[in-house]
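Have a look at the structure below before the remarks.
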Amino acid sequence: MTSRKMSFFEMWRSKKERGELLKRTNQLRLRPSQLRRLLGDSGVRSALQKTRTASLLPPVGTEVFRRLTAASLQKIQQQHEDEEMELQTTKRSKEVKENNQPKPASDLEAEKPLPFFYGNPPPQLLNTQLEELDPFYQSQKTFIMLSKDNIIHRFNAESACYLLSPFSPLRTVAMKIPMNSLFSLFIMVTILTNCVFMTMTDPPAWIRMMEHVFTTIYMFEAIIKVVSRGFCVGKFTFLRDPWNWLDVMVISTGFVAGFVDLGKVSVLRTVPLVLKIITVIPGLKTTVGALIQSLKGLASVLVLMVLVLSVLALTGLLLFMGNLRSKCVIWPVSNITFHDMTTDPVNYYFLPGQLDALVCGNSSDSGRCPEGYTCLKVGNNPNYGYTSFDSFGWSLMAVVTLLSKDFLENLVQLTLQAVGKAHLTFFVLVFFPGCFFVLSLAVAVVAMASSDREEAGVTELKQREEEFGHILEAIKRREEEEQEACRAALSPQSDGGNTESMEEDQRLCSSCWFVFANFLLKWNCCGCCRWLKLRLYIFITSPFFDLGVVICLIVNIVFMCLECYPMMERFERTLNEAQLVFTMIFIAEMFLKVVAMDPYGYFQVSWNVFDSIIVFVSLLELSVSDGLRWLLVMRVFRLARWWPSFHMFIKIIGTSLRALRNPTLLLLIMVFIFSVVGMQLFQQDYKDHVCRISANCLLPRWQFTDFFHSFLVVTRVLFGEWIEITWDCMEVSDKTTCLIFFSMFLVIGNLLVLNLFLTLLLSSFSTVCLLDPEEEEQSTLQITIRRIKRTLGTSLGKNTHVNPDHPEVDKKEVTMNKYLDFTSVASNPPASEVKDLNGDHGSQRVPTAEAEKTSEEEEEKEKKRHPEVQQHKDAEDQNGHPEDCCSDKCYRCCPFLNVDTSRGRWRVWSNFRRACFSIVQHKCFAIIIFFIILLSSVALVFEDIHLQNRQVVKTVLVRADQVFTCLFLMEMILKWIAVGLKKYFSDAWSWIDFLILQVFLVSIAADIFGFSELGVFQSLRTLRALGLLRAISRIQGLRVVVQALVRTLPSMLDFMLVALVFWMVFSILGVNLFAGKFYYCYNETAEEIFLPEVVNNKSECFYLMMENFTEVRWKNTHLNYDDVLNGYLSLLHLAHSVVLMYAAVDATWLESQPVYESNTYVYLYFIAFIISSFFTFNYFIRVIIDNLQKQKFAGKQIFMTKQQQKHCQSVKKRMMEPPKPVPRPQNCLQARLFDLVTKRSFQVLVVVVICLNMVTLMVESDQQSEQTENILEWLHFVVIILYFTEFILKIIALRQHYFTDSWNILDFLVVTVSILGICFSDLMEKYFVSPSLFMVLRVVHIFRILYWARGIRKLLNAFMMSLPALFNIGLLLFIIMFTSSVFCMFNFAYVKKEFVLNDMFNFETFGNSMICLILMTTSGSWGGFLMPIMNTEPECDPDMENPGSMIRGNCGSPAVAIVFMVTHVCLTVLLVVHLYIIVILETFKSEDAEPLSDDDFQMFYKTWKKFDPEASQFIQYSQLSDFCDALQDPLRIPKPNPIKLTHTDLPVLPEDRIHCSDVLHALATQMSCEPISSRLPGKQEAVATTAIQRADKNHDEETAIESVDVSALQ
């Protein structure tokens, strides 16, 4: 039975413990006395005899570190020869030798520090040849050398290059040189200098001479390594280390480059040269090795990824092949041939500002051409011809674009314009889920790899701590034996060692420093000074002082946020004066603290150091007239001193930057490599062929002509935007080279970033825990606020006695509850132990009662926090009797309401309420209401812009709206009567129903009284879109999801506040840097910006406007930094668009015309923000997981109902049960066919045929020759014949059992459709889909073969187990999108069509609105939809008439648009993140509950036959232990196994028999650690009772016999 792997939540919960373990192990030290006793005391060594440490220590009485001499080398040589001779004489096999040979010690590997139990070697033995410490290498002719930091270096004892022995002076010097830190520093400086030279665009001539110098240095380094280690003969020689192969490549390419110009091939020298940095930076090689090891786990998901992407690409090929070439061509045209008309781009229709012709289609719902144009399939595909599905390669590239979500909206829009909106279902049902499937599993596998690395590291740390504990225990026992009187003085705790080391560190300090500190930094000159310091110290440590500082800080931040453009001169002067006042306040604060605490004490606090830096910056800003105001934004970070959440966020960033140094350096190295390689590969191509991608032959913003632009391109690719740059690269350079370059960096970069993100999230160094507000320690601000409340309460005459809600009382109660919880857990031993210890059984009930009391208190708190969760529970507790209508307060205020309902006429009212209660509680009532909600929501779909032209539909909708409103009103009244007003309004879901009903009632009232056209009522009518939200409370799965999200709401709000404050820093910076600089002079007629040479600033633009140039306007960009709020919106949109970057890079001065790339270094501001968003998103995920972990351990349902959880358990059970075997037919022919089709080789053959069929489908292309098409048709026909033959063979062999397998049903469907497709191909293709598409379904058969692989089976099963939770969250996401679509249709149907809005993609109808919402949700294109709905005058016409509607104008509403878009984006991102988290959680569970394979079932049945030769399917209970021991893993339970078998809880049948399926199910469940109902313990108790009764009976008989004998004797 395999050991259970730690679950995700258990691992997350143990982060703090793992962090503490890491700190403890880093402090493990042995004092010199303990070390001497360990190495020289035989008693201690005998106590450690069975530990691993004893095998690594030298014999007692010998030195630990022994110099390597000629005699010792001769002894090692003789020992090695003796072992070889013994091996030859005994002729032992290699396997026996490997089994008997010891393994290398992991703590003594090369490049690792010396273990702590060896102590520090004498200084004279550093950098000296020493004998081996590892027993594994002691007979393998090796020796070691220790460098300065006790790092182990291992060498071969053989002569290097057959010339230099280990004692050769030349080799000794060569071994010492690489271990010198100065040599490593010299090599690093050389490599960095060489890298700097590589970044030069046009290097001077002397650089070539420097390349020879660098090559000479690298060759000198390689020679030293060869001399010290040898060349290739031996395990630790030069070429045996793969990192040294980089030296060979660098040197060889350097020599070749000295004689031949390598050109683009110079990248073969660049890559290994930069990778050499890894070898000289400590720890980087270990990081790379760990990453490579984690890649092994990605093999399964890579296979799945390739298969799924191939299937999706093949589907796109068969569906959309050639459709994107359809364009609008002018028709008819006289005097022009058809060929000239279709090949000349002049005849195509282009939208303004677009480089590609308008894509169209000939279906009813596809894109239409303007008048005078017709849709023809001519020309090239869009985007230089690279966006298409015309061949498998281009289709695969399009699918990868969907997978990466880069420019996804462009691909979907082009496809829908060509083939119609109906094909969006293929994207929603096939492409998007397929991409999510691949991405989620990839993230889950990388998370598992990070978790495995973390768990392996923790296991190693635990082993090291355990070894240290054994050593201390042995030393302590030995000391107690020798010196009984000194036991307390010789405590072997590690803290003593730390104290000694701290004292030693303090003794290292110079005495001059203490003299200087006492004289100048400690002000104790006189009594008055000390008196003043004491008073000031009391003042600055007062909570009210901190409160005052925080208030000043917040007001200062508010003033910084008030800066905007344009500002009145008076307002600007006020802000400057306020900044001066705040600067003086903070200077005074610093002065008071310095005087009160002395400079020595003041600068001991890190926050005070930060405050002093800010004060210094403020003084610097005052001294400089302009340009440094943006530095004052650092004051925002001072809030972290008093704000725990913000402090935790800053701490996470600081901790991660220190702990993730090596992974971050590795990522930067990769970015540098690809930047330099990109510049070397494509620099000249961009210069020579720039006119292919630029109309004015101007270099694009993203290009490779210099290192900085190349770095920007690589950084943009790392952030996820790569496809547009790839198209440009493919157009100017070699297509294959560009695809390889960008594909490699896309995979490597994303893998490194994902690994960095998950390592930061899951690793143990991040021990910052997210505490509940109840658990946080009270800060000085909280103390101050409590005092103020107490003072206000006293001044208002309130009682100020301590009440139970006092924080200190709560803290004591929480501590007591924790103690009781711990007691209840710790005091729950077996009954026998309790009886032995206490003598009775009553004592064990006390902590249980306390625990029940605690749990009841927690339930009451939960009920108060979330009353909506308790509604149905409370309803069930009423036993069918409704509660009182009103609350107790109402009855006290209105006594006449309190009547006796048990008699008189009020009894009729009581019976009526009971009848209403029965109706409301009936299932049919909920179903009817749910059905009405759906109908009312569907009715909203038809209220689009065409409703005014459909009077019949409009009338029906008006009547239906009134009917639905009446029905909802009746529902509400029934619930009021049934459950009462108190109960109704205590439920949050009922409040939602009530408020939405009020919206419907107000809308109907406005229609009746003729006020429906008023703006207030029109805005209120749009809230009817929220009606579908009422369905959430009627679906249990949605309720569970919403309740889980609501429970995370407090933490989410706290996170949002932290994120807003952190983003405020960048927003204020943006305002200071770019406010008023994004304006430009624009020609609306030509739709272009004036060049700076024509119009330079605002004055010149206004001059043209005054000269009656009506087409000239001075415009501002939609997204800008003119104020902080606009800055927030710009930062939110920055993650999905680079347009804002372009405006910032082109900005020059205030109110000046932009200049193309006037300041490219502005990109660094946006890069810094995106990097900071990395940490913000990590903190966001941390908050989500922490809340889910709390809910999980609190017993809450997370995203799945109990029924769904039971369903998952039943599915797991069915997957673990063996499939029912198909009986072998009696007929001889059928029996042979049965044996044939049930062989695994036959299934493999079928899959081979399917793969060949898939290859033939991949070969198809849009412009293939007629001969190729005929060949493919014949191959297709042959494949159908093979499929039909397989069907005939299986139907004959399996008979009616053929249709019991879902795979066979799929095969039958495919064969049937394929045969029909041959006969009616034209008809099916015209009215349905291509018959070839059904052939793709056969590819699913490959999953059947892949299912045999254990790793892939885990991933598939994990995703399948997560489907219920994914369905719940997906359904909630659909409801939100439906609601948002209706809302957009009501509010933005008439906005001006620009940016991404056009005749096909808009908010005019529900279908179009849903398409736009899908694009916004699945990609980052929401900014293109936000701009049009934010338009105001003069960008739009508010008085424009809309035909068929009473609504005038095509303007939007900025406030409504921003609130809606931000809310929608946040909700969808939250739900999508939860989708990925669910897959990760289920993937972690799959490690524990992996379904059994066919081989496991066969092993079980073969073993069962040995114990049940008669095939009765039963064995005796007494045989169970032997049977479980005879099994193989993973089902085996080795002996002794009675206790484990007790936990299996097997049902025992009469005559003590156990059934086969029960045993298999119990073992499989035991493997997954899932409990079953207890039945085997009952059997064991019965057996024990029988034995006791039998013994008692025997005892009575013996007593009776003895009494008879005694009486006979008398």
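Backbone N, Cα and C define each Cβ position, glycine as well.
TrEMBL labels come from automatic prediction, so no person has curated them.
Within the listed segments 143-165, 695-717, 1408-1430, TrEMBL records transmembrane segment for the stretch 1408-1430. For the transmembrane segment (739-762), the residues of the chain that approach it from at least six positions outside its boundaries are 11-12, 15, 291, 294, 397, 404, 442-443, 446-447, 449-451, 453-454, 652, 656, 660, 663-664, 666-667, 670-671, 674, 677-678, 681, 714, 717-718, 722, 725-726, 729-730, 1174, 1177-1178, 1181-1182, 1185, judged by C-beta separation under 8 angstroms. Between the domain 'Ion transport' (1240-1487) and the listed ranges 181-450, 543-767, 922-1192, the one holding the most Cβ pairs under 8 Å is 181-450. Here the listed stretches are 243-261, 665-682, 1128-1150, 1162-1181, and the one with the most C-beta pairs under 8 angstroms to the transmembrane segment (1055-1075) is 1162-1181. With a cut-off of 8 Å between Cβ atoms, the residues of this chain six or more beyond the transmembrane segment (1128-1150) that come close are 565, 701, 716, 721, 1060, 1063-1064, 1066-1067, 1070, 1073-1078, 1117, 1119-1121, 1156-1160, 1162-1163, 1165-1166, 1169-1170, 1173, 1419-1424, 1426, 1458, 1462, 1465. Among residues of the same chain six or more beyond the transmembrane segment (1162-1181), those with a C-beta under 8 A of the stretch's C-beta atoms are 649, 652-653, 656, 712, 715, 719, 757, 760-761, 1055, 1058-1059, 1062-1063, 1066, 1069-1070, 1073, 1131, 1134-1135, 1140-1141, 1144-1145, 1147, 1473, 1477.
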